[in-house]
Ligand code: SF4
């Protein structure tokens, strides 16, 4: 049944992929390019990320017998319309459920990865019907875990990002403008995105105009 | 950039067998003992000419990895292309269709495409005129003036038909001047005008073959960016013809293809022995001739060109991708017009 044919019922909301929250938090346009333009550049960082994901047995927890580690666990939250896959979820003997997200790079406190892993925690809460107030990010660069507290402020960030992504997907198909700052240097979408070109529209406008002007002296003598 | 390499494998020895062996490509040449292998990850595309066998495993693997496979006829005519799980980019394609239906927008793009082509044709003539003997220089300069006038007229063109007309006249002026800047070996019959289907002299045969190489490059660039290669602005809708690929080829023809061919002849890389004269008058490249041209093309693609708008040097082989992206950004309403690449 399509959404439109339902009457009076709650219209089904577009599902938001967990990974999109991270992209959106990094740069809204990056998220737009990935979701709206199917463009996903497999740059070195993501390739390394994939390799890393293939062996995410978190160091330090193996063989203790008290922790069960689940890999590539599908998770979701019907209320918020979130869905995705957790790299690793640890089920501890005391009942604690701990999502651990693996990142090949450095950990940036308060950054996009926090939002992503907090969203995972919220999905796990929904599925296991118990509070999940702690999550972890394992950084490949320094090879250690960074604990993230899933507090109210972070939850609000998750929900705001979820709404923004849903808006991008369902109503507003225009791409968010480029941030055109230092983020672009580490961004795998930069070749598709062309932040500099878009930022310098005046120059571009001029070049469009100049297309029909010829400067012969320059052409011949340079 | 790991996604943008320039390693295309061109296979044209008839009867060659290509198979997948784990992560490598195994090449069996007929009548040649032993086999060659290539790590698949070093290849970003495979182009085969004529009767070449590819195993199903190899084809599906290429589809999976989004490594395009292009089939050309033995003589270099484009036949088909496989691009794996398509980057459908439906919003971009939708925008492409909408712009196509908008007469003003369509005219704007078509006009700029042609302006790019004429500017680049003119650039070739002026470059050649610089170091030509006086008599030849006059011919080249005269044609360059005609092209300047064409650009002027173009800026006021109010319909696609007018744009097409200006383009046709400019092409005639340009090709009429080309023989004057071409120094073929004396044992070659002269190049007098552009002809095709089939070409009847060596220069035209080489041009046709090279346009095939360029077309596959441009077609691939459009696919990569997610544009529909069959919906053109200048060439409109032409059943069975990749009109947008033909559109985007225009600005690249003079510099990437014509100049490439001129260079091969001027340097005597292409010689009379590289051509077959068929009864009836058609002329085609021999297998050796094609080999020569493909080898030179591979190198040509790595040569970098200044891209004034991207603000960096871009290898010839990637210029079509950069331009396809600029077109995509314009179609999505992010850039105020399509700006072709012009040589400088
Ligand atoms: S290149 Fe910059 S603006 Fe574009 S998506 Fe990446 S971070 Fe955002």
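For all residues, glycine too, the Cβ spot is worked out from N, Cα and C.
When the candidates B:235, B:274 are compared with the Mn(2+) site entry in TrEMBL, which names B:167, B:250, the shared residue is B:235. The Cβ of residue B:250 (Mn(2+) binding site) lies under 8 Å from the Cβ of B:113, B:114, B:116, B:117, B:167, B:234, each on the same chain and at least six residues away in sequence. For residue B:235 (Mn(2+) binding site), the count of additional Cβ atoms within 10 Å of its Cβ stands at 21 [all protein chains shown].
Taking the centroid of the Cβ atoms of B:167, B:235, B:250 as the Mn(2+) site, the other same-chain residues with Cβ within 8 Å of it are B:110, B:113, B:114, B:117, B:164, B:234, B:246, B:247.
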